[in-house]
Amino acid sequence: MLQSLAGSSCVRLVEQHRSAWCFALLVLGYLLYLVFGAVVFSSVELPYEDLLRQELSKLKQRFLEEHACLSEEQLEQFLMRVLEASNYGVSVLSNASGNWNWDFTSSLFFASTVLSTTGYGHTVPLSDGGKAFCIIYSVIGIPFTLLFLTAVVQRIIVYVTRRPVLYFHIRWGFSKQVVAIIHAMVLGFVTVSCFFLIPAAIFSVLEDDWNFLESFYFCFISLSTIGLGDYVPGEGYNQKFRELYKIGITCYLLMGLIAMLVVLETFCELHELKKFRKLFYVKKDKEEDQVHIMEHDQLSFSSISDQAASMKDDQKANEPFVNSQSPTSNDSSLNN
């Protein structure tokens with residue numbers, strides 16, 4: 001009997017703090033996922049890094065042996081300066097000297113990556129004035145971009161998601177939840193095809209050094225706003241129509257980001273995902289709910305009283321002028 005009482009008390013305790021237990025499991029799962037990613041990346045990439053370090057070391061030693069007049073310290077200083085310039089998007093290679101990083105189209109592409117928080121990092125401001133302006137521009141522009149994207153997505157999702165689901169639900173009598181799930185899957189497939197698969201095929205043709213996997217990798221890294229910067233289109237020295245190509249990429253990033261947000265909002269509106277998310281949220285206290293209800297009732301009562309007062313004023317305004325005469329005028333008319 002004691003065991004049954006203890007078991008029932010444990011079950012009751014778990015049910016009372018269900019949201020806290022779910023949140024603790026969520027935090028634990030997220031930390032484990034981080035550790036899992038670190039282990040996989042380390043095991044996969046560390047051997048390649050070691051091979052690259054050995055190759056560079058051999059090339060450096062061979063270069064010093066072939067050029068005995070050059071000391072290792074001079075070579076180190078030259079390489080440090082080259083790497084520092086490369087971090088700012090400036091290359092010393094002769095085949096890349098014709099590409100400017102701060103012409104209008106490149107600056108437009110940079111501004112779009114800053115406001116969308118993609119930030120490839122291949123081009124960064126060089127001057128102190130540019131760095132200061134980038135801070136101010138981002139502080140104002142990033143919230144402005146969020147407001148812009150929210151407004152655009154809110155309007156698009158009405159015509160792309162809500163109305164089609166309601167149409168099939170009302171017109172054909174299908175279950176709303178089933179229609180919403182099928183619609184979300186179809187919309188996700190169309191978005192992946194139009195903004196990942198097709199652009200990846202186009203980039204693999206336009207970029208000489210990219211295969212399909214690398215192109216698809218660039219599309220995903222860009223539209224997910226991760227922006228690692230290891231692949232940036234339009235940076236080849238023999239790139240044709242580079243200015244027009246940069247403008248097209250800027251439009252692709254903006255439209256793709258909007259499409260991604262529409263798909264995410266569509267999936268977030270699914271009933272099953274809403275129930276799943278509520279497992280990790282803090283439930284409102286009953287007192288807060290009662291206060292909210294009382295405030296709502298007070299607002300409704302005040303609005304009703306205001307409507308009644310306005311209706312009375314309208315009735316008085318619409319009454320005949322005979323009724324609006326003063327009592328003294330009525331008495332004088334009777335005496336006459």
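Just so it is clear, glycine is given a Cβ too, placed from its N, Cα and C backbone atoms.
Residues or ranges marked as transmembrane segment in TrEMBL: 21-44, 135-157, 178-203, 215-232, 244-264. What TrEMBL records for 94-156, 192-268 is domain 'Potassium channel'. Annotation comment: TrEMBL describes Asn95 as N-linked glycosylation site. According to TrEMBL, the region 'Disordered' annotation covers 306-336. Taken from TrEMBL, the feature compositional bias 'Polar residues' covers 321-336.
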>> Three or more CB pairs closer than 8 Å, sequence separation of 6 or more: does that hold for the transmembrane segment (135-157) against the transmembrane segment (215-232)?
In response: no
> Averaged over the whole of the domain 'Potassium channel' (94-156), what is the pLDDT?
Replying inline: 86
